[in-house]
Each structure stands twice: as structure tokens, then as C-alpha cells.
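Asks: My questions all concern the structure below.
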Amino acid sequence: MGDSNQSVTSDFTLMGLLSHSGPHLVLFSLVAVIFTMGLLGNAILLFLIHTDSRLHTPMYFLLSQLSLLDVGFLLVTIPKMAANFLQGEGSISFGGCAAQMFFLMLMGVSEGVLLSLMSYDRYVAVCHPLHYPVLMRRQVCLLVVGTSWLSGVLVASIQTSITLHFPYCASHTVDHFFCELPALLKLSCADTSAYELSLSISGVLILLLPLSLITTSYSHVLRAVLCMHSAETRHKAFTTCSSHITVVGLFYGAAMFMYMVPGTYHSPQQDNVVSLFYSLVTPTLNPLIYSLRNREVQMALVKVLGRAGFMSKR
């Protein structure tokens, strides 16, 4: 019993994503550049939404929460990976591993719920524009955001506590570049098959329920857009909705592979690539998708740059 308890509180070792060979040094530099772009992109988007009164709408309020979650994804995973690479070792404390797993799950579930509720916002805006100020009033927006964050906290608390309850008396080497639930379960010396089955079932529910709301919302939106007579109105509706659909596709594609596909069909290499995608690439792309395809965000950025003196005033 003493040996078992000692093993539970021992540190873990992360295998890491990169070695110190030439090609991996180039890849590390690329990861650092993308990480910096992701932080700057989301920070700029948050700043614009906060400072520009034209962006003080329910859609942009929800988008600001998405940017906060994306910043969290970047900060929880990449700095630790970079520190391990630069130090040449991959140790992480038991508490650090638990925190990393908890916050990743919190942000993942919260973002999934938030994206589904953002689709409801687009549904109301396109299908019921006259009722939009009432249906998406401030209290509703706060309820939406609170629901997404509380869902993440609840699921992350339950899953993390159950996962860390298992004894880890065998190898403590995590074949991953951060502590993620599927990778950690492989190290347990207890039988986790029943829990892994329940995890897959809950993963299906957690992912498919929001995805069904997104599908339902956009089926109504598509029907409404096709019935519009104004080409300009159709274009504006398609632009705002297609940005959200793109983000949904990026997020749910990676999440469905990690948590709906049984672990026996995974390989460490596949998990590393998919995890790098949703923890680095997707959070970096999200603000670019919304800013590059959204005229209101572009105008807000031009206004800020003009005030800062980077653009000539007319």
C-alpha cells in the first residue's frame, strides 16, 4: 500500500513532441511563431471588442469568450512544452499534470457548448431579426456564457478526479507532450476499461448534443438565407455564419477524433498531431477567420491603427 501511494504522488515524464535535431529545431521555431500569432490575434480581437462600441453586440460578446478560451488552450499546453524542450527534460509534477488535464478539459467542454450556443445566436439573428434584441438580451448572453463555463468546470472536475483516483504504479512516462486524459489512462495499473467505455459514451453525449443544436440552427439559417431576395443580405448572412461554421468544423473534427474514436484505434503520433492542432493551430486560426472575413472587425482595427498613428489620417 505504501508503494502504491508513493507511485500515485510521483512526478510524470512527458515524452515531448520535439527532439533537438535540426528539423525539429525548425519545427520548434514554427510552433513558437504560431503560438505568438495566436496570443496576439486573440488579444487584439479581445481589445477591439472591448474598445469599439460597434462591437458591443451579443455576437461579439460571445466571440470574446471564445477568444478567452483559445488563449487558455495556448497557455496551458505550449509554454510547458517549450520549457521542456529548452531544458532538455520533460518532467511534470503530479499537481501540474492534474492542473493541465483539468484546464484543458474545462476549456474544451466550455468551447464546445459555447460554439453550439453561438449557433443559436446566428439562428435568432437571421430567422428572427425583429426579436433579436429581446431573445439575445444581456441576461440571456450572460446565461449562455455562464452555462458554457459551468459545464466545463463540472465535467472537468468529475473526469479529472476520477482519472487521478486510479493508481499509477507502473511507468510514469506519458507518451504525449502534455497531460491529456486518454494518454494518462494508459499508464494506470488498474483496470480502466469500464471507465474508458463510460468516457467514450459521455464524450459522444458531450460532443453530439451541442453538435445537434448547431446542425438544427444552421438548417433553419440556410433555409432562411435561401429565401432572402437581397443579394447583399444573403452575402452578409453567409459571411458571418460561414466563419462560425469553419470554427465549428476545426474544433469538432479534432475533438471527435480524440474522444469519440476508441483508444485502440489511436497511435501516440496521431494523438500528438491532433492535440497540437486543437491546442495551437485552431486557437490561432479562430481570430483570423473572424477578422479576415468580418468587415466590422476590419473597420474597428483600421480605426485603432489610425488612432495609434500607424495609418495616415485623412
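One is the number of the first residue shown, and numbering goes on along the chain from there.
Even glycines carry a Cβ here, placed using N, Cα and C.
Pasting the feature list from TrEMBL:
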DOMAIN    41-290  domain 'G-protein coupled receptors family 1 profile'
TRANSMEM  25-48  transmembrane segment
TRANSMEM  60-78  transmembrane segment
TRANSMEM  98-120  transmembrane segment
TRANSMEM  140-158  transmembrane segment
TRANSMEM  197-216  transmembrane segment
TRANSMEM  237-261  transmembrane segment
TRANSMEM  273-292  transmembrane segment
Asks: Mark yes when the transmembrane segment (273-292) and the transmembrane segment (25-48) have three or more Cβ pairs under 8 Å (sequence separation 6 or more) and no when they do not.
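Replies: Touching, yes - the transmembrane segment (25-48) and the transmembrane segment (273-292) meet the threshold of 3 or more Cβ pairs under 8 Å.
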Asks: Can you tell me which recorded stretch out of 60-78, 98-120, 197-216 has the most Cβ pairs within less than 8 Å of the transmembrane segment (273-292)?
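Replies: Stretch with maximum Cβ contacts: 60-78.
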Asks: Is it the case that the transmembrane segment (197-216) and the transmembrane segment (60-78) touch, counting contact as three or more CB pairs under 8 Å in which the residues of each pair are 6 or more positions apart?
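Replies: Contact criterion not met.
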Asks: Let me spell it out: take the transmembrane segment (60-78), skip the flanking residues so only those 6+ beyond its ends count, and list any with a Cβ under 8 Å from a Cβ in it.
Replies: 31, 35, 38-39, 42-43, 45-46, 49-50, 100, 103-104, 107, 110-111, 114-115, 117-118, 121, 141, 144-145, 148, 177-178, 247, 275, 278-280, 282-284, 286-287, 290
